[in-house]
Amino acid sequence: MDLNYTSVMASSQLLKALDYASTLCVLVYFVGSNIVAQHRHKLDKRKLTSRRRKILSVSLCTFITICYALQAIQYIPHLSSAPDDGLIHSISQFLLWTSLSLILSETASPSAFVWAGASALNSVLEVTIIAFSFSRPGPSNAPQIASFLRPIQVLTIFALFVFTISATVLLHDNPAPVDNEETQSLLSKSSTSTKIGPDANTSYNTLENAGVDYNSSKNLDSNSNSDSDEDEETLQLQQERLESSGGWLEYLKAFKIFIPYVVPTKNPKLQAYLVLMLINILLQRALNILGPRQLGLIIDNLWYHGQIPWKDIFLWVFFAIAASNSCGVGAVNEMLENRLAAWSRQELTYASLDHVMGLSMNFHDSKDSGEVIKAIEQAESLNELLRLLIVQLAPAVLDVAISLWYVMYLFDVYASFIVTSMIIAFVYATYKITLLATVARRTSSRKERDESKLIYESVGNWFTVSCFNQKGNAMSRLSRVLKERADAGLWNDDLYTYIYFFQEGSTYLGQLAVIILAAHRIVTGTSSVGDLVTLNSYWEKITWPLYVLGHNYRRINSALVDAERLLQLFQVSPAVMENPMAQALPNVTSAVELKDVTFAYECREPILHVISLTAEAGQTVAFVGETGSGKSTLFKLLLRFYDVTSGSITIDGQDLRDVTLSSVRDSFGFVPQDPVLFNTSILENVRYGRVNATDREVHEACKAASIHDKILSLPRGYAAEVGERGVKLSGGERQRIAIARAFLKDAPIVLLDEATSAMDSQTEAKIQDALRRLTKGRTTFVIAHRLSTVVEADKIIVVSNGRIVEEGTHKQLLDLKERYFDLWARQAVVGT
Ligand SMILES: Nc1ncnc2c1ncn2[C@@H]1O[C@H](COP(=O)(O)OP(=O)(O)O)[C@@H](O)[C@H]1O
Ligand SMILES: [Mg+2]
């Protein structure tokens, strides 16, 4: 008898635990399996579930929700006699399945593993609960309770069972064909859309838009053009990335390379700031509760004891000040946050420019520099993202959890249920309407553009319009567009009104319900008046995080995409890598040898075919040949801007790939075909050849390059600014400055790529002397346009279509009477 009683008690306790914990178990499974499903997503991308299957699944899911609602309703007449835990179980299950139904209706490709699993787990738990409920001891009416609930419980289990089966059948994971394009990186994608030609200025536009948008996106209501453009881009880019990385988890994992730039691992002061900030965030959570609670204590003291509670009043004021944003913990946190953000911005921007400058020529040649610069400047957005996540999102989520616990602590679990329902309604309404609003904003901004385009066209083409007597036509088009714009704009504005309506509506309804519950508790004597006051003043802290989540959702998304551009940039590794064992070039004699060099730009036809040649120390080797034959490419290989596809290039017997990049670049004085200057003074530009050169040395170099007199004739002489990329100077002048740089650099090997092509023959003749001086005693490679400038070369190489076709001295090649002879004859004719 005794034994029987204990076992009954034990099973009763177990039942209670099951009632309380089963919902949580299913929730935990659901969240966990979702994360796992994200992983699997990477391996097999699932097709979208068809509409019919989706509707069927959601209907079944909703039916389960209704079953739990019926269970809860069935409890109402038995409230006084029935044990609490059954009702709690029904309500929490009802809320869970409401959420699940909503989530299922919003999921494009739900996984059977998640949904059938959750429902199977739930049915097992339900069966266990029913089994245990037979042995529940209790008052004499216990069998009654069991019996009124039993039919609906059985129906629920049946519904769960059907849903499990149907989810397994309907939502099976069928892989979708993989689309290769999706694996492309963002940067290359967006840069292909901003290529040369008429839309070359799009990248400029986006740059500008980014600036505008940063501010406007802070405002949820804003509907400027750029805002919604960016929105569209944001969604699209993110979708692509999500698909290619296989789910959110993988997507976020990639961001871990930024950790060193956002967590101050080396700076103890900043570490202290970070720790302090995290402590402050927790402190704020505590203060959120302490303030309202203190107010409740004051009220209770006044109400029940009739004395002035001085201590409580002072404490209340203290908590209020401590919690305030302008002079409490909030202010301190703002300062800490700013310091951390400033540090992180420095680190990130430094690291990104460092990285980009270390990338190879193939990257820089193929990327739009505007896009790259924009990506570097996204360091800001990564900070914004972190700030949003750490300072807004994480505390908001924490606040939601805390508030659920606190209202339960203040009253009972039913108060938490009310808050939970409010959260579900709030989040779902916000999510749904925001989706609609995104589409509406896009439409409205498209209409705005249509309108201004039409007006612009009409005014701009007034003459044509008048000639063809088309004014009436233009006006009727305009009135149509005006109406469309107004409609689109109004719908957009209305949607925002609806968002606020539903947000405020759900919070006020929630507040109403909780206050009624509290009032009921006060009347029945289970709560004090102070509790109601506490709840009322705490209510704002419950709803605030919901607004934070709603408002920041879009900002987080767009900051994520911006940060992602930076991520993409960080993930590019240089094509030309330095050998870790590399030594500096010894530069003993600077003899250069090319052995069977073949080269192709990425995935293209080879540009150079099996080129072999040697330049003895001090020799001058000239290349001639039609444009596009690969001469400049050869120089890029010598400077190791690219690595040869096959064959080798050696200097003093050292393969270029085995020596340090910087020593290679130091060995060459290079005068490019089209020199580009910095937008500073001429003096600084020439000095770029050797940054520690004195003014005198710069002047000497300029004299040698026959540009000194020209510079002196300028109003500001050497201090004259050259304009962006050197536009204020002529091509010939820029070339001579580049030659002066090469003089100053004084490197053992000289590369002249049509160094005098932009000069008239007179200047060219003048500068020949200078060049002769520059190349004397140095190994020199010359690409020449005018053959007369290479007559004295030790070796002339005729290149055609990436192959060496003739090789010899001027005289030998003339005697050969082939290609060089033809070229020479043609130029001689033109020359006379
Ligand atoms: N970065 C690049 N990517 C792909 N192809 C290139 C690149 N640079 C040059 N080319 C191509 O390589 C060929 C040789 O170019 P180049 O070496 O500049 O010729 P040259 O200096 O003899 O006039 C040309 O057909 C050109 O289109
Ligand atoms: Mg060239």
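Cβ coordinates come from backbone N, Cα and C, glycine included.
Since this is a predicted model, take the numbers as computed values, not measurements.
Feature annotations, courtesy of TrEMBL:
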- 20-37: transmembrane segment (TRANSMEM)
- 58-76: transmembrane segment (TRANSMEM)
- 88-105: transmembrane segment (TRANSMEM)
- 112-132: transmembrane segment (TRANSMEM)
- 152-171: transmembrane segment (TRANSMEM)
- 181-234: region 'Disordered' (REGION)
- 185-195: compositional bias 'Low complexity' (COMPBIAS)
- 215-226: compositional bias 'Low complexity' (COMPBIAS)
- 282-558: domain 'ABC transmembrane type-1' (DOMAIN)
- 313-336: transmembrane segment (TRANSMEM)
- 385-408: transmembrane segment (TRANSMEM)
- 414-439: transmembrane segment (TRANSMEM)
- 592-826: domain 'ABC transporter' (DOMAIN)
Where, among 58-76, 88-105, 152-171, 313-336, 414-439, do we find the most CB pairs under 8 A to the transmembrane segment (385-408)?
414-439
Outside the transmembrane segment (20-37), six or more residues from its ends: residues with CB under 8 Å to it:
85, 88-89, 92-93, 96, 100, 111, 113-114, 117-118, 121-122, 125-126, 129, 247, 249
Long-range Cβ neighbours of the transmembrane segment (58-76) (under 8 Å; 6 or more residues past either end)
82, 86-87, 90-91, 93-94, 97-98, 100-101, 104-105, 119, 148-149, 152-153, 155-156, 159-160, 162-163, 166
Across the domain 'ABC transporter' (592-826), what does the pLDDT come to on average, as a whole number?
89
Same-chain Cβ contacts of the transmembrane segment (313-336) under 8 Å, 6 or more residues past its ends?
273-274, 276-277, 280-281, 283-284, 287-288, 290-291, 294-295, 298, 391
